[in-house]
Amino acid sequence: MTNTSLASFFNVRWTETVKYYFSLSNWLEGRHCCQFALCTILQLSVHRLIGINHSLGEACFENLCHNTFGLLLETGYFLMIMGILPWVLLAILGLAAGTTAGLLGIGGGMLVVPGLFYIFNLMDFPPDFVMHSAIATSMSIMTFTATASIVAHHSKGDVQWGVFWKIIPGILLGVLLGALLDHTLSSALLKIIFGLFLLLISVKLLLDFKPQVQSESLPRLAIINAVGLGIGFKSGLLGVGGGAISVPFLIYCGLPMYEVVGTSSSFSLPISILGTLAFLLSSHGDSFLPGFIGYIYWPALLLIAPFTILGAFLGTSLSHLISGEKLRMAFALFLLFISLNMLLT
């Protein structure tokens, strides 16, 4: 079969494939580098597999793009036109965040916030508050997961309530300060701050940093409240849980690991409740948009929350079947990729 007949047989129209391809990429903020790399790899692979003349490989490449890759892109383009794709992605995001939390014991906010940021951009939300909305919506989602977590840990006696009541005043003050600062910063600056936070977490996971026990008793109340202030401030500013600070601190104080996990998880409930109230009362120029109250996008909250809980059960079930070390490294690399993407684009 000649090159022409081969192309005619598959009804190849390269310009249409490119049109659909870059229609999708333009809708995804015009980031062509990944698309170019995918096309290049695909083309080289086809040429290598064909192993014959360049023109025949080129024709087969066009056929492959049009009949497989092109079909997927056209499907995605159709879903975007129908307005379905963002909602499918929100459900997948909730499932992924919950599963990761169940597998690694890591708060889902590190996935939910950047995920919402990209999905809200797909939905053409005004760019000047899209990061604020991602943070606020993530905070409101945390109320559901934190409630389930604190009930489970309390029933097993894993929460050290004495520590909880000592540190909670500092945490609550920090949440308010973080949420207030969040309201004053630009979306672009918040994106950079969150990217730096993810970068630090990914490096910590890659290096497998483990704090050591330094004390068999709690430090002075002033130090406890100062640590609580840092936990709450970070959570209120970025819409994530406080585990990145609270877990090393509680280990340092000599708590057994099961109490470290349970007590650290208990902090998330007051953080999420107060943070959600703060973001509900926040106002912005686009509060009139459908589905918004303050900075919180309620349709995303109601869709993601049940999938997050489902994912947490799934992750817990899979945790005994998957190598924790390999999973930790993979997640660290994934966070590193997200952080660099947020910082450099």
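Along the chain as shown, residues are numbered 1 onward.
Placed from the backbone N, Cα and C atoms, the Cβ positions cover glycine too.
Listed in TrEMBL for this protein:
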- 77-96: transmembrane segment (TRANSMEM)
- 103-123: transmembrane segment (TRANSMEM)
- 129-151: transmembrane segment (TRANSMEM)
- 163-181: transmembrane segment (TRANSMEM)
- 187-207: transmembrane segment (TRANSMEM)
- 227-252: transmembrane segment (TRANSMEM)
- 264-283: transmembrane segment (TRANSMEM)
- 295-315: transmembrane segment (TRANSMEM)
- 327-344: transmembrane segment (TRANSMEM)
For the transmembrane segment (264-283): best-contacting stretch of 129-151, 163-181, 187-207, 295-315, 327-344, by Cβ pairs under 8 Å: 129-151
Recorded stretch, among 129-151, 163-181, 227-252, 327-344, maximising Cβ pairs under 8 Å relative to the transmembrane segment (187-207): 327-344
Range from 163-181, 227-252, 295-315, 327-344 with the greatest count of C-beta pairs under 8 A to the transmembrane segment (129-151): 295-315
Same-chain residues near the transmembrane segment (327-344), Cβ under 8 Å, at least 6 residues beyond its ends: 100, 103-104, 106, 110, 114, 117, 191-192, 194-199, 201-203, 205-206, 208
